[in-house]
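Have a look at the structure below, then the notes.
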There are 2 protein chains.
Amino acid sequence: MTAPQPEPRPAVPGLDDVVEIRRSMPQASVERLPGYLRVLTELSSHGVTSASSQQLAELAGVGPAQLRKDLSHLGSHGRRGVGYDVDTLRERVQTALGLVVELPVAIVGAGNLGHALANYSGFGARGFTVVALLDASPALVGTEVAGVVVEDVARLAEVVRDLEVAIVVIATPGDQAQRVCDVVVGAGVREILNFAPRALHVPEGVELRSVDLGSELQILAFHSRERSGRPQV
Amino acid sequence: MTAPQPEPRPAVPGLDDVVEIRRSMPQASVERLPGYLRVLTELSSHGVTSASSQQLAELAGVGPAQLRKDLSHLGSHGRRGVGYDVDTLRERVQTALGLVVELPVAIVGAGNLGHALANYSGFGARGFTVVALLDASPALVGTEVAGVVVEDVARLAEVVRDLEVAIVVIATPGDQAQRVCDVVVGAGVREILNFAPRALHVPEGVELRSVDLGSELQILAFHSRERSGRPQV
DNA sequence: AACTGTGAATGACTTCACAGCC
DNA sequence: GGCTGTGAAGTCATTCACAGTT
C-alpha cells in the first residue's frame, strides 16, 4: 500500500549539483513518523516528559537504532546520556509532518466505507477536517453525514477549488476510481488516498497511496497457507 | 502498514544448512500478488486469454521486470516469445495465496469501521467470508449486521474456536486493541489485521498487518508540506 | 522477432557498533 | 554509566541486460 508507480525518483537536474541542499528523508522513515507521533502524544498526555529511544521504540514497535536514525533526519533533538524531551520531540515531528494547520480533506464516495471514514473521529484528532463528501447517487446527494451535506460528484472540481482541499480520499467502487482520480488531479490536488481496489495512475508529482482491504487479507492468507499448506507445489 | 515488529527473521538453525529447501518468496513480492490476481481476474472476465509482462505490469502499476521476477518465484508459467496464459496464471496466483477455499474471518468491533467492513462486498468476492462480528457494547450485541448477529466480545475465544476462524480483523478503539489481540492469539489465530491506531505486539509466528487511516493521511501531509513548506528548519 | 526467466549490478533500508556527550 | 548520533557493514529489493525459448 504504497505508491505503486514504477517512477524511479528522477535525479535532480539542478545546475549546482555540488551542494545537495535537499536533505530529504527516506520514504521508509517518513512512513514511521506517524507512529512516533502517536506514541509521543500518548506519553505527553500521560504527563511523561522524557523518554529514551529504547522506550519509544518499544512502544512504536520498532528497533531503537531505527528510531534514532529516523529521528536524526529531523536534526538532533535528544540529549546524550538522557534521552528525548517528549514535548519538544512531539512538536518537532508534528511540524515535520506538516500538521501545524488543520488540513481540509474531501471524501469521494459516500457508501459503506466513505460513510465510515466521514464519521471516523480519528481524523479530527490527528490534524484533518472533512470539509466535503461527494457521491454519484442522487439518493445520497443532499443528505447529511457527519455534519457535512453530501454533494454531487459532478461538482467535484468546483468543491475542491472552493474549499481549498489539500487531500482527497477516494472511496468509490473500483470502476469509477480512475475517472474520479483524473478529475481530482485536474483540479490541482496532489495528495490522494485511494481505497478502491484498483491501481490508479497519476502524473509525476502527485503523491498517491493505496489501501486495499481485500489485498491485506490475501497477504495474510498467503502466510496462513505457507504454514499449514504444502511448501508450494 | 506492515508487520512493525523488529523481528530479524531468524536464520534457520537447521542441521543441514547446505541445502536450502525453503524456497520462500520475498515479502515484497507477496505483497504485490493480490494486485496481480486482481488484474488477471479482470482480464479473464473480459475474455482475454493471453498477456505479456508488459501489459500485466502496466495494469498492475509496476515495472515489467519486477512482475516477471515476482512471478518467477511461483515457477515458470509464461511462454517465451509469447507471454502468459491468463487463466493458468490466475489459478496459479490464487493457489499461491491460499485462496482455494473460502477463509472464515471474524471482525472485532462493530462501530463505524467494523460495520463498514462487514458490509464490504469485496470480501466475499475475494475469497473470504465474514462468519462473526463481535462488540463490547450491550446495545449492539444481538443486533444483526450484514446477515451476522453481533456477539459479545467476551465470547471471542469461544467463537474463534467454534467457527474455526482463520483471520481476525481488529476494528476496536485503540485502547482495547492489545487486549483483544492477546485473546485472539491465545485462541490460536495466527493472522491478524489491525485497524486500531496502535502498534500491537504479537509473539513470533503470528502474522500481523496494520492499517491506520490517520497515519496514511499524515504521510501524505508530509509530502504536501515538503512541496509548499520550507525545506525543514 | 517477441518475450520470458534470471544472474549480476545497483540502490534502498536496516542493523551494528562505537565515538562523543551528558 | 547511560544514551544519542552516525559512519560502516550487512541485508533486502529493484532494475538492468541478455541468454534462452518459441
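Cβ coordinates are placed from backbone N, Cα and C, and glycine is handled just like the others.
Residues 23, 25-26, 29, 82-87, 89-90, 92-94, 96-97 of the same chain, all 6+ positions outside the DNA-binding region (B:35-74), place their C-beta atoms under 8 angstroms from a C-beta of that stretch. As annotated by TrEMBL, DNA-binding region applies to B:35-74.
According to TrEMBL, the domain 'CoA-binding' annotation covers B:99-199. For the domain 'CoA-binding' (B:99-199), the model gives a mean pLDDT of 96.
In the three-state DSSP assignment, the secondary structure recorded for B:Gly111 (NAD(+) binding site) is coil. The NAD(+) binding site feature in TrEMBL is assigned to B:Gly109, B:Ala110, B:Gly111, B:Asn112, B:Leu113, B:Gly114.
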B:Leu113 (NAD(+) binding site), number of other Cβ atoms within 10 Å: 23
B:Gly109, B:Ala110, B:Asn112: the binding-site residues whose Cβ falls under 8 Å from a chain A Cβ: B:Asn112
Cβ-Cβ distance under 8 Å to B:Asn112 (NAD(+) binding site), same chain, at least six residues away: none
